[in-house]
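Undergrad: Pulled from TrEMBL, these are the listed features:
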- 55-76: compositional bias 'Basic and acidic residues' (COMPBIAS)
- 28-142: domain 'SCP' (DOMAIN)
- 1-21: region 'Disordered' (REGION)
- 54-76: region 'Disordered' (REGION)
Amino acid sequence: PPEPDAASGKDRVAPRRTPATVEQQVVKLVNARRAGAGCGPLRVSPALHRAAQRHSADMASRRVLDHRGAGGDDPGERIIAAGFRWSVWAENIARGQSTPSAVVGSWMSSEGHRANILNCRLTTVGIGVVEGGGGPWWTQVFATPR
């Protein structure tokens, strides 16, 4: 079953990239939820997209759902490595949801994930999704520039 924040498995899988339209749908759905809460829309950041996509690929290849990367990096470090200078950041991850609607629904059903989505202080976003064993593997990175 889909899991918004826990996973297991050790099989290595070659990740396959999914179409950008899937990522755009996630942003559209999230922005609709934010509008309902009085927040402005998130702008898509190519740097945050890179950070999110790399993390989804890392999780898929290791089959581990974790905010820490293979080298122990945390989301803030990955965001900086992708070229984005942040003042505040947040990250949502998930695996197994087959559609943008399903993953956003899963995040909205979880208090911590919903709080990230509805945090009006966060202004930019990047989405990464990779197909792989136990996936798709989803990463949603939010940040506000310095």
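In case you wondered, yes, glycine gets a Cβ from its N, Cα and C as well.
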Undergrad: In this predicted model, what is the average pLDDT of the domain 'SCP' (28-142)?
TA: 97
Undergrad: Mind checking how the compositional bias 'Basic and acidic residues' (55-76) divides into helix, strand and coil residues in DSSP?
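TA: Final tally across the stretch: 10 helix, 0 strand, 12 coil.
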Undergrad: Please spell out the DSSP helix, strand and coil residue counts for the domain 'SCP' (28-142).
TA: 49 helix, 26 strand, 40 coil
